[in-house]
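Asker: I'd like to ask you about the structure that follows.
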Amino acid sequence: AMAAGIRVDALRPRWDFPGAFYFVGTVVSTIGFGMTTPATVAGKLFLIIYGLFGCAGTILFFNLFLERIISLLAFIMRACYERQLQRSGLLPPNFRRGSAVSGVGSLVGWKPSVYHVMLILGIFAITLSCCASAMYTAVEGWNYVDSLYYCFVTFSTIGFGDLVSNQKATYQHQGLYRFGNFMFILLGVCCIYSLFNVISIVIKQILNWVLKKFECRCCPKCHKSSTRLSRRNAITPGARLRRHNVTAEAEGQYDSDTEGRRLSGEMISMRELTASNKVSLAILQKQLSETANGYPRNVCINTRQNGFSAGVGALAIMNNRLAETSDSR
């Protein structure tokens with residue numbers, strides 16, 4: 001190529017141990033610059049298998065890093081909040097976390113704001129990118145804007161491949177530069193990943209707020225669906241109407257409060273439901289008994305003489321109570 005007049009950059013050997021380690025890092029972090037790729041069939045098959053488990057493990061590592069960084073930020077912000085409360089006099093000066101005083105109303109259920117977490121992660125990401133860009137400008141010879149562009153493309157795992165660090169054959173302080181390059185990429189990818197997750201939460205909150213503002217309250221269909229979702233139970237008024245009409249004399253007088261709440265769809269207890277329908281349940285049991293035995297059932301006060309006297313446990317208790325109800329009728 002050089003004899004033909006084609007310019008060839010002096011690149012370091014790509015498949016030595018540092019080059020292979022760099023390639024593995026770009027694979028599992030899903031950056032994929034494309035400067036180093038497998039050429040054989042065995043290498044491509046190995047990359048498929050290794051990338052499947054390697055990318056999954058890296059995503060797990062990113063999630064654990066996100067959890068730890070959020071816990072650390074929450075701890076620091078809570079400590080600052082407690083100090084602010086102590087200065088304002090809302091907490092005693094000898095306050096200690098975990099003591100009996102920790103149950104004060106100002107700290108119960110306290111959580112850091114997602115906007116504060118996003119702001120802290122954003123400042124840290126910008127600071128990290130500026131420091132890494134200064135190193136790349138000094139070592140790689142890029143201008144500062146190209147270095148910032150490379151940091152964003154790399155840290156966000158976009159990886160276009162137009163600018164790739166650590167590709168020359170030799171560097172001044174090469175070992176130190178490789179270590180710094182590895183640490184900047186590792187911290188940058190973890191930080192940007194955490195920042196993207198927090199930004200997605202903020203975007204979700206903004207979209208929910210916008211949809212709530214533009215909610216169609218004029219359309220009866222939308223209003224009906226929102227009313228159903230706002231209920232605490234799944235009981236629909238009129239969904240469980242009786243198939244057969246029973247006369248008012250047989251049913252008796254229902255409790256107005258219980259019946260009104262039942263028909264409105266509000267949750268009622270099993271005791272109230274049984275109390276409001278005890279006469280209907282007694283009539284139903286009597287009809288079932290007559291159908292099973294083939295003759296009308298004579299109910300006595302003595303519960304042992306009913307048609308279901310052989311019942312035990314909860315069934316026997318229910319039969320006795322229904323028998324007393326039908327007898328009192």
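Every residue gets a Cβ built from N, Cα and C, even glycine.
According to TrEMBL:
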- 13-69: domain 'Potassium channel' (DOMAIN)
- 125-204: domain 'Potassium channel' (DOMAIN)
- 20-39: transmembrane segment (TRANSMEM)
- 45-66: transmembrane segment (TRANSMEM)
- 114-135: transmembrane segment (TRANSMEM)
- 176-196: transmembrane segment (TRANSMEM)
Asker: For the transmembrane segment (20-39), which recorded stretch in the set 45-66, 114-135, 176-196 gives the largest number of Cβ pairs separated by under 8 Å?
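Answerer: Going through each listed stretch, the top one turns out to be 45-66.
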Asker: Checking distant contacts: for the transmembrane segment (45-66), what same-chain residues at least six beyond its ends satisfy Cβ-Cβ under 8 A?
Answerer: 24, 27-30, 38, 189-190, 193-194, 197
Asker: Mind checking which residues of the chain, 6+ beyond the ends of the transmembrane segment (176-196), have their Cβ under 8 Å from one of its Cβ atoms?
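Answerer: Residues 18, 25, 29, 31, 62, 65-66, 69-70, 118, 121-122, 124-125, 128-129, 131-132, 135, 139, 151, 154-157, 165-166 contact the transmembrane segment (176-196) from elsewhere in the chain.
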Asker: Would you mind listing the long-range same-chain contacts of the transmembrane segment (114-135), meaning Cβ under 8 Å and 6+ residues beyond its ends?
Answerer: 69-70, 73-74, 77, 144, 147-148, 150-152, 155, 177, 180-181, 184, 187-188, 191-192, 194-195, 198-199, 201-202, 205
Asker: Averaging the per-residue pLDDT over the domain 'Potassium channel' (13-69), what integer do you get?
Answerer: 89
Asker: Which residue counts does DSSP yield for the domain 'Potassium channel' (13-69) in the helix, strand and coil classes, in that order?
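Answerer: Summed over the domain 'Potassium channel' (13-69), the classes give 41 helix, 0 strand, 16 coil.
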Asker: Summarise the domain 'Potassium channel' (125-204) by DSSP state, stating how many residues are helix, strand and coil.
Answerer: 59 helix, 1 strand, 20 coil
